[in-house]
Structure formats: structure tokens, C-alpha cells
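Engineer: Got a structure for you, questions after.
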Amino acid sequence: MAPWLAERPVDTSRAERVALAAGAALLELRRQAEAEGRHDPAALRAAGDAAAQRAASATIDRLSPGDHVLSEEAPDDPSRVDAERVWIVDPLDGTREFAERAADGAWRTDFAVHVALWHRDHGLVAGAVALPARDVVHTTASPPRAAVARTGAPRLAVSRTRPPEIATSLAHEHGWELVAMGSAGVKIMAVVTGEVDAYVHAGGQYEWDSAAPVAVARAAGMVCTRLDGSPLEYNRASPWLPDLVVSRPGVHDDLRAAIDAELGRTGAGAVHA
């Protein structure tokens, strides 16, 4: 067995432990805010980013010393591009949701922690997506069980605050129902569990926004591509990743045809809206 393959269960366990550590730090911040009667969303967002980064970084350093790291909350080391192993981390995906309460006063639960391992020769080889407020961690070793396909209009996960123009076109021209959610990780896990049928993002993201969720989604049999159908690539010199499509296999062909039709009709403007 190839060394990287033999290490996969160990690396998946490491990814899970990193995600759990960051998630625990985030929940502790919320507990402290409750206990002290504080609710300053801006301060909580900043504290959440910092605390989750500290927890994730310390855990990676302990479990996998010597590996490179690409994280939203840490300076980028350009030498990672030539490394064999790179952890791609978003310590808090859905910072806005982490610091918000729902209409009933309860804390929102649609934020996530993303931890993925990229290998120079094999791409994404391990990943974990923690949903701390839901007490759930999905990994490439135990991805969510895909639900039985639903009937009715296909459902498309989109951003709560900035759904892309192409998603609106898919709704108006092709009958897709738009479902607003926070956090890319939450949206992609919703595709895997069958809560929605697909997720389309065209407003620009970074590698850490999707690496771990894509790793888990692929392990569950989902189809993950760029908006134009080309492969997703990670650990590039620039971590900017303009667009993303994650879909359940049963709707992929229809979605692909609808996207191609919209791109042909509206041009590049719809892609980058």
C-alpha cells in the first residue's frame, strides 16, 4: 500500500481533531458571552476568528509537525506550493452567523470549521467539516449518509446575503427553488444529506472556503466542479477560487445543462456577480 494511502485514516482523524478543537473554542466564546451578558457581534466575530485559529494551529502543530498550512486567519507562506502536504483550514466559516441570533433569540447554528489535507500527488486526501453548534462532525472517513432523493422542484443552496445572478436565473428559467443558508460548509453538507440538491457559488471564494467540504462531499459521492465544469484545484499560488458547483449525482446532468444554457445566454457577467 502506498504510504499516503496508509496514512489516510490517521490524517482524517487528525483533521477531525483539529476541527473539534477549533469548534470547542468557538462554543466556549459563546458560553462566556452568555454568562457575562455580552452581545457585541463585531467583537464576537473577531474573537471567534482569533480563538479558532489559535486552537487549529496548535492542534496541527502537535499532531502533524512539519506540514505546511494555508489558513484564512494566518499569513500565507508561498513555499507551501512546493510542499508535499498542506493543511487547508478555515477556522470559522460563517463568521457572521457565528455572532448572530435567530429571530427567536437562539444562537444561529449555520457556521462551520473546515480542515482538509492536500497531497502534492493526490489532491485532497482527508477532510473534516465540524458544525459545532449542532454537535456534528462530518469526515471523509464517515461522510453523511445521502438521503433518498426527494420529489418536487430541485432545491439550490445559496448565500443568505449575496446569491449569485446565475442562481436567480436557475430559479426563474429552470424551476430551481432557492434555499438561503449561511456558511459554505453548511451549504455543501446540506447537499450531501439531501436537504438540498445542489450548491452554486459564483461570487468568489478562497480555497479554505471549500477544500474540506468538497473532500467530504466527494467521499459521499457528490459531483464537485468549477462553474464551467472544469476540475477544482487546490494549493495553487493564489488561493482565490472564483466559483464552485456541488451537486447530487441524480441532478448533475440537468444542472450542468441549465448552467451551460445560462452561461451561453448571459455571458461571463452571470459568473462573477
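Including glycine, each Cβ sits where the backbone N, Cα and C put it.
Caution: TrEMBL annotation is automatic and unverified by curators.
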Engineer: Which one of D209, D228, D243, D253 goes with E72, L92 at the Mg(2+) 1 site, as TrEMBL has it?
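Structural biologist: The one candidate that TrEMBL places in that Mg(2+) 1 site: D209.
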Engineer: Which one of these stretches, 31-54, 55-78, shows up in TrEMBL as region 'Disordered'?
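Structural biologist: In TrEMBL, the region 'Disordered' feature sits at 55-78.
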Engineer: Summarise the region 'Disordered' (55-78) as counts of helix, strand and coil residues per DSSP.
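Structural biologist: Once the DSSP states are binned, the region 'Disordered' (55-78) shows 10 helix, 4 strand, 10 coil.
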Engineer: Under 8 Å between C-beta atoms and at least six apart in sequence, can you list the same-chain neighbours of D93 (Mg(2+) 2 binding site), or say none if there are none?
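Structural biologist: In sequence order, F111, A112, V113, H114, S183, A184, G185, W208, D209 meet the Cβ cut-off.
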Engineer: Using DSSP, would you call D93 (Mg(2+) 2 binding site) helix, strand or coil?
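Structural biologist: Strand, per DSSP.
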Engineer: E72, D90, D209: which of these binding-site residues has the highest Cβ count within 10 Å of its own Cβ?
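Structural biologist: Counting Cβ neighbours within 10 Å, the top one is D90.
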